[in-house]
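I have placed the structure first, in the form of structure tokens, so that the comments after it can refer back to it.
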Amino acid sequence: MLPEYTTEGAAGADLKANIEEPIALLPGQRVLIPTGLRVEIPLGYELQVRPRSGLALKHGITVLNTPGTIDSDYRGEIGVILINLGESTFIIEPKMRIAQAVFTSVVQARFVSINQEESLTATARGEKGFGHTGEC
């Protein structure tokens, strides 16, 4: 089952459940759903597996490790880890659209060690982290 873009402007192609029988996903439960899809991604790109907004809004079904990253050197079958954050059991049907595949470019950083004597460029923010702006 090949992914499909459902509209002309769609960024994500729908991934489908490659299962033979329906799967009941209980509230709080997670499951790995096979897609039957293997891809060869050019170096410098990745495929991101993202949730479908309708499943998330209407049923509380989302991709647990969103976005799931498929590296360019991975050659196995793509699986989608779904979790049911809703209050009701959700039935995953064969060939159901369960996630989206989005291709994006990758920039690999060059990491270097610095000595304690060296410092990073100062900014107004500095080391202020989580919640530093006072907004939730």
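Heads up, the Cβ atoms here are built off N, Cα and C, so glycines get one too.
Annotated substrate binding site per TrEMBL: Arg52, Ser53, Gly54, Asn65, Thr69, Ile70, Asp71, in sequence order. Per TrEMBL, domain 'dUTPase-like' is recorded for 2-134.
Locations of recorded TrEMBL features on the structure.
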| residue | record | CB count, 10 Å |
| --- | --- | --- |
| Arg52 | substrate binding site | 20 |
| Ser53 | substrate binding site | 11 |
| Gly54 | substrate binding site | 10 |
| Asn65 | substrate binding site | 11 |
| Thr69 | substrate binding site | 12 |
| Ile70 | substrate binding site | 21 |
| Asp71 | substrate binding site | 12 |
Binding residues Arg52, Ser53, Gly54, Asn65, Thr69, Ile70, Asp71 (substrate) - maximum C-alpha distance in whole Å:
26
Per DSSP, Ser53 (substrate binding site) is which: helix, strand or coil?
helix
For the domain 'dUTPase-like' (2-134), what does DSSP give as the number of helix, strand and coil residues?
7 helix, 43 strand, 83 coil
